[in-house]
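For reference, the structure is listed below as structure tokens.
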Amino acid sequence: MKDYISSPLSPSNKKMPDNQKISPTNTPIRKKLFENTQSPIHFISNNNNNNITTPAKGLASVIKFNSSNYGNHHHQHHHQHHNNNNNSTVSGSAIKQHLNKSTFSTSGTTLTSSSDAILLPEDKVPMSVYLRIRPLSKKEIESKESNCFTVLNTTSVSIKSSRSDSDSNKFSFSSVLPPNTTQPQLFKTITHPLIQSFLTGHNVLLLAYGVTNAGKTYTVSGSKRNPGIIPRSLDLIFKSIPNNCLKKTENLTLSNNNNNSTNNNSKDSKDILADSSDDEYTKVDNIDSSDEDDSNAKINSNLLESFSTTNTTATTNAAAAASSTTATSNGDVIQISDQFNYSIWISYYEIYKKNIYDLLDDSPSSKKKQSLKIESDNSVVNIKGLKEILVSSVEDARDIVEQGESNRKVGGTKLNATSSRSHAVLTIKLFTSPRHIPKSDIHPSQIRCSKLCIIDLAGSERASRTETTGETFKEGSSINTSLFTLGKCIEGLKQQALQQQQQQQQHSSKRQSIHHSNPIPWRESDLTRICQEYFCGNGKASMIVNVSPSSCDSEETLNVLRFSASAKEITTLSKIKPMVFLPPPPTTPSISLKKRKSMEQPINNNNNNNNNNNNNAYYNITQLQNSVNEIKKKIHLDNLLAVGQLPISNNNNNNNGKFDYISMEKDQLLDQIQIYQKKLSNYEIKFVESEVTLREEFNNELIKNYIELENQYKERLVKESQLIHDRVQSKLSLIKNVNINQTNKLNCKIEKLELQLEQQQQKTMEANNKALVIVPQTNKRTDDEWIIEITEVQTERDNIQNKLNSILFELDEQRQHNQFSLERIQQFTLQTEQLEIERENLLTEIESMQSKGQELIKLRELEMMQLKESMNSDAQKDRENLEIQHNFETSNLNNQLQMERQEKLQIIEEMRMLKLELQQFKSNQSIEQQRNNNLIKNQYYNHNHPTAATAMTTTTPPIMSTPPIMSTPIKISSVGKFKATPSKSLIKNILGAHSNSPFKNANIESSVGGGFKVQLNIPGSPIQLAPGTPNSIQSQTPDRPILDPNQYSDSGLLMQEIDDDDYLNITGGGSANDGNWTDINVNDDSASEYDDLNSSSKSFTKKPKKTKSFGTIKRIKAVAMIPANIASSALNSSTTNIDEKEKLEKLEKLEKEKERLEKERLEKEKEKERLEKEREKEKERLEKERERLEKEKEKERERLEKEREKEKESKPKVVKKTTSSSSIISKKPSSKTTSSLTNNNNNNNNNNNNNNNNNNNNNNNNNNKSISPIKTVQSPNSPSPTKLQPHSSPNTNAKEYFNLMNPQVIIHFREPETNFVPSVTANTTTSTSTSTSKSSKKTLDSLKDTPKKIANIFSSKSSKEKEASTSSKSSSKISSSTSTTSTAPKLKRFAAITASHSIENGSESSPIEVDTPPRITKKPPVPIVSKVSSKKVSSSSSSTSSSSSSAATIKRVRKIVNEKKNYLEDDDDDVITKMATETPRKTLGLRPRNLISQPIQFR
């Protein structure tokens, strides 16, 4: 049955606006028919919902508009209008078909119909376009390619092109699939709805489009792990089709070789039915859409026959089967009806270089494959010779697809190693036929064919980027050409849609215009010819646009997106071919076949008459009414027959009066059936009547519309004919004008020829006249001759006319040639314009590439800057971490140092105690032995003023019965950084060593600072001392300093290795080099002696000693200048009672400790470098502190001076004449003198204390504590002094000498003031008695600060060359301020304390004169101490220069040092003195005076 042609399409191929479409709900009787319904009837359904439950839905669906378009040329309009009118009739059989397929509910109030059994309305489906963005590849990530896409939402994106940085490039799609979309998600979003439409009967086209290397093949085919669209589609199709309904045969192949086929679907159905060996299919004739009218006639007759039956059950089942064909998705599987048989056919081919090749061709590879040709008719494409294989399982289908993919053309380019070089087309056909109809009754119209076409398009590419040449370049050019043609076709469809919209607007505004759209170039490419069926015919089209997110592909991607934007705006028409159901014949025939034919014959005749009548466009209402009457009669007869066949129950007699309940129930059921049949018949009659009235009104309106359209068309034809007439007239006028011009020219030529002819005739006449005159006139010409001549002239004229015609013809040809050349010129100009556009595009691309290069350079620079900054920040962080780690390590090291220092202090204390015990024992033995030896001597004191006592020599008074005494300094042990001061027991042993010692009962008191105060009372003596001689001696030991670990030199933990001499000194065995004294020249002030001193100290420090020790035990040598036999005997006897084994064990432990500390030394040396920088800062702070302390000391000093002056004033003045200094000096050292050994270590201590960052002003003095030398002053109340003869024996001891003194002597061991550098001033004694008071006053003044000026008795060598160099530099600065200072000789201690007592008979005591020579000193290394010392030196030098005797005294002392070498030397270093360089030794010369009976105070 042919569909009706509706009015939305005008003869000029214009579409009517929506408000002019005819719908049953727009008629005047709408309210009358549908006032009880909830929703109006929609004439055209815009969706796929086919379950509309409205009473007139089935009726509306029968009236269906055809979408066939009119021709594009005006000369086809009339003919097509004629054909449309022929088809504008409604067949009465269609009504009966609809009535036959309608079902009613049992309640009689609700009507339902199945629209699938009827022709479905056409659906205008917009083309779905999906965008899939592939992720960046590894190479793109390594090359740092950026993503040019920005996903705005699920349906729109924006792209940033390399040419333009603007974000205006925004595109919208049906759906946007981001890079993280999986294959199942893509299939569910895109392909699943398409498969559902395919199973319901729609034709579906799916395109995969994009540039090369964008992921098209992966999307379509996928991989083994992630299959693509094709494998998943096959799985879904075979899962959805019931197994019992699937055609199962061996693989059956079809070859399309029918050249005369006009419909692919009909041919396929014929081939299927012909080639099938199953009983389900039968052979049928060829079916074509043009033959549908004939087939519909046959079907209508069958419908009328079936309509007469009363078997409503069969019709209900058929309708239910039809309704079940609608596929419903239940999860992944689509449920379809099992009332049909299904068969699936697959074909796979490719389009390579404008040729089609079958991918399923099994021909040998050696043979060249033959290309296939396309044949098309009525917009249906057929490929001749293409294989189509019947498949019955998923495995078979997959094998076929894999075979085709293996035969596909694949090549490698720069951008893609496996680039597809052809368009692959996979076609899946699904044939559907009803199962309940026997094979003999199957009609081809009952077979439905739906197609699923999946096309994997080859990627568009640029040869400049892919770098293809040769055959690959040709492949790329053919791919680009076919894609360009597809783009033009889609753009043409878009323009047609826009024009149709404009025409609709013009119709609504009642404006008329003629638009001639350009034809769409479908035939320019095989790809577009294949796709034409789906775009322009019946089908749904979808497109998957695959794009690359790389910024380098942004230009090609932008073109693809523009193409997809055009494709999104087009729409396709999709309709489902209805399934015609033929129910089985009725079981109870009510009307004979002849009567049904006679009933049907008027209707068919009416249809034929309407088809032959070209001017009738409306229904024949009378025929419809007749058909209604026929239906009423039929229904009435059926009801009568049904009633007559009802069984009547007469079982009462047979059952003996019992009720036959079964028969009664049957009667009730029959009554209900009759009631329902009446209702049904009434309802059908009403429905038909309403349908007839509806059709009548609809046809009236339709006729009006057709009349209007016909009038409009006639007007247009008139206008067009007028235009054509005008054009013909204009052409004719042009031809006439040309002919007139040509005839005018010819007339001009003829006139000229006639003139020439006349002239010639005149000449001939003249010549004849002359001849007549001369010659007798001949015979005249006859008429025939004249006629002949005229005819000749006419022939010439005709020849000329022919020439003119030929010239005109040539002119026409020339015009045509010129017109053709103009067209060629226009073409060439277009080509040149295109080339110019391409050149401009290339230039813009070059500029964009240059800009990209600059941007890349800038990006690289920025990256380098960022990298540098990050590296700098990392380096800074590493430095900070290293500093933190370093600080942490140093803190740990400091903690270790503190712990080690504590251990060292314990060891030092043990060594100190051992040394003290050794010294006590040794000193007691040596002193006692010396005393016993001195008792033997008979020579005593011999006071002789001109002779001076040399250092460490004994003086013997001339008259003395007591044993002699030698004046030796009291020994002090130095352990580590501490000086061990004598204990009480030691002092008592020293003072009371002799049995006759007068000092046994000495008073010993402890001072506050830790020292001792000893007061010796000299008993009365028969010897009368000179007036002014002191009768008491008082001195004080240095206080014990407090431990300060920062005073250690060399980071506080270094100690020298103990050598053999040190070991002997510790054990008390002495040294082998004790008697080897070095001669020095005191008068030489050059630096050579100092260099010798430094070299000796260096040689000492350069010994192979491991300098990791808690402190070096210094052996202190204070040996008096006594004979060798006495000294050796004393030293040998001192080691007899000492346990050497215990000491050796302790020394072994010390050796092990040294080895452990050696490893730590290197680490601490590194730490020392860092601490040196901090020391410099600490020095500045110490300078300010020292200045403050100096001021305080000066104030304290002034206060003490005032107190001393008061004391001196309170004492009586002593007037004693003394001899001049010249008389005191003698060449032979016969007189006994007292000298003191001063050892100044303040400079070294100050230097090391500054380096150790400690404020060691007080500690320096504590470390430099020494026993103040004994000084003798003359008592003011003593009588006139008498000269004492000096000792003549060199073996007398100073201890015994003091024991022989009768007067009371008080000795104070006092702590020196801090930071005071002692300086010794030379004092001279007066020779006259009148100047005794002045001399004594000067002596007291010079001796006021003697404890501060005298250096420590014990000193050590410098252990470092660096300290010696710093002291030498500092000494050069102080040399300018004092003239008496000079480089120190190579000595460590020098003390000369001699006291000569001249005891006269009858006198108390003889006076003692003290002469102190100037000191020899060095500048200390610390600048602050140097300033202090320089002040003291300058004061001392000024005092020295005041007397003339000081120079003589200095010479005398130097001579004594050179001759006698009476000085003490220590070969070992002291840890305390390591902090400073070796300081000069001070010498003090004492001139004896007559002792007096009164006590003498020494401070």
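In case you wondered, yes, glycine gets a Cβ from its N, Cα and C as well.
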Can you check which of 1-27, 919-945 Swiss-Prot lists as region 'Disordered'?
1-27
Please work out the number of neighbouring Cβ atoms within 10 Å of the Cβ of VAL211 (ATP binding site), leaving out its own Cβ.
23
Please state whether DSSP places THR217 (ATP binding site) in a helix, a strand or coil.
helix
Return the count of C-beta atoms lying within 10 angstroms of the C-beta of ASN213 (ATP binding site), excluding that atom itself.
22
Take the Cβ of GLY210 (ATP binding site) and count every other Cβ within 10 Å, whichever protein chain it belongs to.
29
Secondary structure tally of the compositional bias 'Basic and acidic residues' (1161-1212) (DSSP, helix then strand then coil):
50 helix, 0 strand, 2 coil
Given the model, what does the mean pLDDT over the domain 'Kinesin motor' (126-570) come out as?
76
Take the Cβ of THR217 (ATP binding site) and count every other Cβ within 10 Å, whichever protein chain it belongs to.
24
Between THR212, ALA214, GLY215, LYS216, which of the binding-site residues has the fewest other CB atoms within 10 angstroms in the structure shown?
GLY215
DSSP on THR212 (ATP binding site), three-state: which is it?
coil
Tell me the residue counts in helix, strand and coil for the compositional bias 'Low complexity' (497-506), as DSSP assigns them.
10 helix, 0 strand, 0 coil
